[in-house]
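J.: Pulled from TrEMBL, these are the listed features:
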type	residues	note
BINDING	C3, C17, C20, C26	[4Fe-4S] cluster 1 binding site
BINDING	G56, K57, G58, G59, V60, G61, K62, S63	ATP binding site
BINDING	C229, C232	[4Fe-4S] cluster 2 binding site
Amino acid sequence: MNCPGTGSDQAGKSTACQGCPNQNVCATKPKGPDPDVGDITEKMSKIKHKLIILSGKGGVGKSTFTAHLAHGLSSDNDKQIGVLDVDICGPSLPKIFGVEGEQVHQSGSGWSPVYVDDNLSLMSVGFLLSKADEAVIWRGPKKNGMIKQFLRDVDWGEIDYLLIDTPPGTSDEHLSIAQYLKESDVDGAIVITTPQEVALLDVRKEITFCRKVDLPIIGVVENMSSFVCPKCKVSTQIFPASTGGGQKMAEDMNVPFLGSLPLDPRIGKCCDEGKSFLTEVPDSPATQAYKQIMSKIVEYCTKRNENRESDSGEMKTN
């Protein structure tokens, strides 16, 4: 039997929900239209492209990928980029962007994000903590409320790309994002994996989740596909792709494969220091791989925008 969907009256109650780890979340979630969704949709309408970075597995490099995708996109000074960190319990992006300890300011138009650069801004629960090592010990409803407040109240202005970095799994945060952005015309999800089967096992679940909540999948990125020595440039496979890796999984599940990213120890160093690896080490094979993947994502968003404008023009004509 098929999932009835998170917005259905039968969510968490139907026979198909038996055994699902999210059954209780769906069953206890308030039914009917959420009055705040309209405010969120209006806020999101000022943002041209909305991308969600996902993975069913932790430790595969979602936040690192999100940060460097943001750095790459913001290298075009004509583009405005925003990053929203909804990893409530593990907000690492302030550290990766080098803006740890910054404060969020509130104005009449909402919360102002922290600016990493003139055309790159970030919002994270990490800015709301009194200490960097303070633990966020929240149950689902409070996490959901925080995500709703971020989506509704952050004043991004008119920006070109909003990248939403999520925690691993298919639970509260993911259901909240899918519910609150349902009417906001999200461009799609970028799914991150590593080559080994223990990661692919959970990433397949994430792809299934996207399909159940009608979230388009832009493609799969295989991170840490190999280790490239910074000195001799020899490539070594650290995580064996015993079942074919991310590319084979993407083919089997009929989703696009965006590319592979090699390991480079300087990536971790740049993240610890709050620097962009793409500008610090421009000659690395990993930098070239990031740029190739980024160009595919930009091409996808551009085509989708053209199709959207074409459909809108046809509707007006009719």
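Positions of Cβ are set from backbone N, Cα and C atoms, glycine also.
Tell me what's around each of these sites.
T.: Same-chain residues at least 6 positions away in sequence with a Cβ under 8 Å from that of C20 ([4Fe-4S] cluster 1 binding site) are, in sequence order, C3, C26.
Sequence-distant neighbours of C232 ([4Fe-4S] cluster 2 binding site): no residue of the same chain at least 6 apart has a C-beta under 8 Å from its C-beta.
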J.: I want the residues beyond G56, K57, G58, G59, V60, G61, K62, S63 whose C-beta is within 8 angstroms of the mean position of the ATP site's C-beta atoms, in chain order.
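T.: After dropping the recorded site residues, what remains is S55, P168, I192, T194, A199, N223.
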J.: Setting C3, C17, C20, C26 aside, what same-chain residues sit with their Cβ within 8 Å of the center of the Cβ atoms that define the [4Fe-4S] cluster 1 site, listed in sequence order?
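T.: Result: P4, A11, G12, S14, A16, N22, Q23.
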J.: Sequence gap of 6 or more, C-beta under 8 Å: which same-chain residues meet both conditions with respect to S63 (ATP binding site)?
T.: D85, D87, S92, L93, I96, D165
J.: Could you tell me the C-alpha distance between C229 ([4Fe-4S] cluster 2 binding site) and G59 (ATP binding site) in angstrom, no decimals?
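T.: On Cα coordinates alone, these residues lie 21 Å apart.
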J.: Mind checking which of G56, G58 has the fewest other CB atoms within 10 A of its CB? They're the binding-site residues.
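T.: G58, out of the binding-site residues G56, G58, has the fewest neighbouring Cβ atoms within 10 Å.
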